[in-house]
Amino acid sequence: MTREEKLQRASQIIKESKYLVCLLGMRVSYQSGCTNIGEPEDAYDIESRYGYSPEELFSAAFYNTRPSQFYEFYKNEVLSKRGRINEGLKLLGQLEEMGILKSIVTRDIYSLPKRAGCKNVLEIHGSIYRNICTRCRKKYPLKALQERERSGLPYCEKCGSIIRPEIYLKGEMIDNRLLTKAVDEVSNADVLLMLGCSMRSDLGSMFTKYFKGEKIILMNDQDHFADGKADLVIDGKAMDLMKGLRTYMVSDS
């Protein structure tokens, strides 16, 4: 099949689905303009400037022992590029509004689906838009964190302890209740839409084993031999493909 024929087929599968769930991978975040600290070139650049690898900088151990250096990295590298909402992401919001898309499971920390209008999003690695005091648990939006950070470390206005972003840092446990809910969603799906991730990516390998449905649609620009397990594979940047898919979803509706 040609790419257009595959998109048309994907549109048909999605429209006929009873319980569509989306696995939204990190490639979508990167292609939407978010910071990509996982690429070798960017990782080398970060290590040369900060003296530590991104993996070290983005860890619970580093945050706990060097909070000032953590926030320097976090402000300059993570918060500086929060991405843009594109037509592909907007389509996810429209599919949810239409009652077709039931939920999204993602490791994205930039809340891209929510910013695109999606409501039922399971952010298993948290979000930069949620921040919390490490002592009294008072919650802060991103803007409040940034305002307090200008004068150094962001301190809680209530108890004076450090505020931290509610995101997953290496070495921490992921919220088990959230994981269980994500597993339940994938288990209930009859169609799984995988965007910007492969069958063997962290997200794919974590959740596809729980899928008991009929069809897996995979859109990604990085091939993996295991992707052949998907029923429909469309090569290319996921958000570009979703933009193309939107044409068929709208024209057929």
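Backbone N, Cα and C atoms are what each Cβ position is placed from, and that goes for glycine too.
Where the annotation comes from TrEMBL, it is an automatic prediction and has not been curated.
Per TrEMBL, domain 'Deacetylase sirtuin-type' is recorded for 1-245.
Here the Cβ of H125 (active site, proton acceptor) has 19 other Cβ atoms within 10 Å, regardless of which shown protein chain they belong to. Secondary structure from DSSP puts H125 (active site, proton acceptor) in coil. TrEMBL lists H125 with the feature active site, proton acceptor.
Feature annotation from TrEMBL assigns Zn(2+) binding site to C133, C136, C156, C159. Proximity of C133 (Zn(2+) binding site) to non-local residues of its own chain (separation of 6 or more, Cβ distance below 8 Å) is seen for K139, Y140, C156, K158, C159, S161, I162, I163, given in sequence order.
In the three-state DSSP reading, C133 (Zn(2+) binding site) counts as strand.
Within 8 Å of the centroid defined by the CB atoms of C133, C136, C156, C159, the record's Zn(2+) site, lie the Cβ atoms of T134, R135, R137, K138, E157, K158, G160, S161, I163, excluding the listed residues themselves. Taking the Cβ of C136 (Zn(2+) binding site) as centre and 10 Å as the limit, one finds 11 other Cβ atoms among all the protein chains shown.
The domain 'Deacetylase sirtuin-type' (1-245) scores a mean pLDDT of 95 in the predicted structure.
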